[in-house]
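As recorded in Swiss-Prot:
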| type | residues | note |
| --- | --- | --- |
| ACT_SITE | Ser191 | active site, acyl-ester intermediate |
| ACT_SITE | Asp404 | active site, charge relay system |
| ACT_SITE | His444 | active site, charge relay system |
| BINDING | Asp260, Asp263, Ala265, Asp267, Ile269 | Ca(2+) binding site |
| DISULFID | Cys29-Cys78 | disulfide bond |
| DISULFID | Cys64-Cys117 | disulfide bond |
| DISULFID | Cys190-Cys445 | disulfide bond |
| DISULFID | Cys259-Cys276 | disulfide bond |
| DISULFID | Cys285-Cys295 | disulfide bond |
| DISULFID | Cys505-Cys527 | disulfide bond |
| CARBOHYD | Asn83 | N-linked glycosylation site |
| CARBOHYD | Asn101 | N-linked glycosylation site |
| CARBOHYD | Asn286 | N-linked glycosylation site |
| CARBOHYD | Asn354 | N-linked glycosylation site |
| CARBOHYD | Asn385 | N-linked glycosylation site |
| SIGNAL | 1-19 | signal peptide |
Amino acid sequence: MMWWFLLIGLASAAATASSASSASFESRCQHFHKEIHLQNVHVLSTTYVPIGSNIPMVYNPPICGGTASSSISTIQFCQVALNVTTSDKSQFFMEAWLPSNYTGRFLSTGNGGLNGCVSYADMVYATQYGFATIGTNNGHFGDTGQYFLNNPEVIEDFAYRALHTGTVVGKALTKLFYPQGYKNSYYLGCSTGGRQGWKSIQRFPDDFDGVVAGAPAINFVNLCSWGSRFLKITGPPGSETFVTSAQWSAVHNEILRQCDALDGAVDGIIEDTDLCQPVFETLLCNSTAVDKTSCLTGVQANTVNEVFSAMYGLDGKWLYPRMQPGSELAASFIYYSGNGFKYSDDWYKYVVYNDSNWDHSTWTLADAAAAAAQDPFQISSFDGNISGFQKAGGKVLHYHGLEDAIITSDSSKAYYKHVADTMGLSPSELDHFYRLFPISGMGHCSPGTGAASIGQGSSTYAGDDPQDNVLMAIVQWVEKGIAPEYVRGSKMSRDGTIDYRRKHCKYPKRNRYVGPGKYTDENAWKCV
């Protein structure tokens, strides 16, 4: 089968590990701290975690979920907790999990939002595959920007330094713990984690051989401004510009009415949002309408049109793409609720203006210009020249959900075009090292209405076959040279079984229903 190389790697690792008993592995772990003498690294603990035990998360603070995020270990591993000093005003916390079923592969996980919290779920997922796995708190604990206030060192950790330094430390620990060192290094992250992956590609092209970057928060500063812009468009609840959640439901139904069948199948899922250019004047209330919850006033129709339009600066230059249609049910509670967006608010309060009293209702495009002019430590992570990564032989699998209600998938398509234009490469030339997969029916880093479980984490596991598992797909691409032509997603039922599967096309191709089977038949679709 296609994933034979993974199983061989696991079997080989198991054979190596079995030469030493669990007792010797436990002893090795408990004494490992004596071998760690790395600059600016303070070892907090080394803990042996046996199979079937609760994974200790004693350093995970309540603001990050505390011990509530604990899970049962399916393997035995050595858990190393450390603090790493990055300046006289900053440090980050990290953990390295070193499994007994080690496959010779190193992996770093990313973060989300403005956190601040180790991605323990991703660490569990990767470690069970035999990766020596690390995760950091990205320079501060908690999903908040308050630690950025008047502290550029903490911002630098968040922008790139915690991940890069953690990777350097993690690789050193891996070499210390395993005599054979590591063969290949990988990265797995989504959202902020996706941005971190791209920042590593752009600034540290030798850090990873393979990167899985999902729904990346690239063009980060303008993304923050885009999040602030929605309040300006919608106004507060009760204003004539405000659209209620019930009306957004009507908007969603109208979008599906106009766009669902464009891919050839009426299944409640939009396969290519680029083709979806809805007209909302069809929802205008007539003079006799009694129920105004399912129609729009002219002012409200203008609000909806603005929501689905790109953001341009005071000078008329493009800043950020439109929100893709199809995400409005979730986005109505995130961006269109008539309140500020937390991450955008925090960025302006604690970074742009260093003023915790800044009022999000005052935001204008002048603020967007001020924020963009700063772009501290190039956190926007939108550099189109990734030739260093290309020359290093790196591979990146980039995915983005087409129902993402937090970061529009149009941003990923814009970055793909930016890379192509900057490097002067065609899609077939980019294919050698960079492939983008828009995933229909996927929300923000997680399943939505469609076949969107693609193995990016434990909660979206649908098998070990590389076509069903993006982590295994990047391993196969790096180690066997077999690049993914598609990513097959699974629609999971509540009991954990698979309802149906669908192959998601490599951009810029799009999925088209051609029959003759039902839309749930993966072979009834074709990439065109």
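Backbone N, Cα and C atoms are what each Cβ position is placed from, and that goes for glycine too.
What you are looking at is a predicted structure, and each value in this text was computed from that prediction instead of being measured.
Features recorded in Swiss-Prot, as mapped to the structure shown.
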| residue | record | contacts (Cβ under 8 Å, 6+ apart) |
| --- | --- | --- |
| Cys78 | disulfide bond | Phe25, Arg28, Cys29, Phe32, Thr46, Thr47, Tyr48, Val49, Trp97, Leu98, Pro99, Phe177 |
| Cys117 | disulfide bond | Asn60, Ile63, Cys64, Gly65, Asn111, Asn137, Phe141, Gly142, Asp143 |
| Asp260 | Ca(2+) binding site | Val266, Asp267, Gly268, Ile269, Ile270 |
| Ala265 | Ca(2+) binding site | Tyr513, Tyr519, Ala524 |
| Cys295 | disulfide bond | Gln247, Ala250, Leu283, Leu284, Cys285, Asn286, Ala289 |
| Asn354 | N-linked glycosylation site | Leu149, Asn150 |
| His444 | active site, charge relay system | Ser191, Ala215, Ala330, Gly401, Asp404, Ala405, Ile406, Ile407 |
| Cys445 | disulfide bond | Gly112, Cys190, Ser191, Gly214, Ala215, Gly401, Asp404, Gln456 |
| Cys505 | disulfide bond | Phe437, Pro438, Tyr486, Asn511, Cys527 |
- Neighbourhood of Cys276 (disulfide bond), C-beta criterion under 8 angstroms, separation at least six: Ile255, Gln258, Cys259, Leu262, Ile270, Gln324, Pro325, Gly326
- In angstrom units, rounded to an integer, how far apart are the Cα atoms of Asn385 (N-linked glycosylation site) and Asn83 (N-linked glycosylation site)? 33
- Item | Asn101 (N-linked glycosylation site) and Asn83 (N-linked glycosylation site), distance between Cα atoms, whole Å | 26
- Should one count Cβ atoms within 10 Å of each candidate's Cβ, the recorded positions Asp263, Asp267, Asp404 would be headed by Asp404
- Euclidean distance between Cα atoms of Asp263 (Ca(2+) binding site) and Asn101 (N-linked glycosylation site), Å: 44
- Item | Sparsest-packed of the listed recorded positions (Ile269, Cys285) - C-beta count within 10 angstroms | Cys285
- Query: Secondary structure at the residue listed as 'active site, acyl-ester intermediate' (DSSP, helix/strand/coil)?
  - Reply: coil
- Item | Ca(2+) site shell beyond Asp260, Asp263, Ala265, Asp267, Ile269, criterion: Cβ within 8 Å of Cβ centroid | Ala261, Gly264, Val266, Gly268, Ile270, Glu271, Tyr513, Tyr519
- Query: Within 10 angstroms of the C-beta of Cys259 (disulfide bond), what count of other C-beta atoms is obtained when all protein chains are considered?
  - Reply: 19
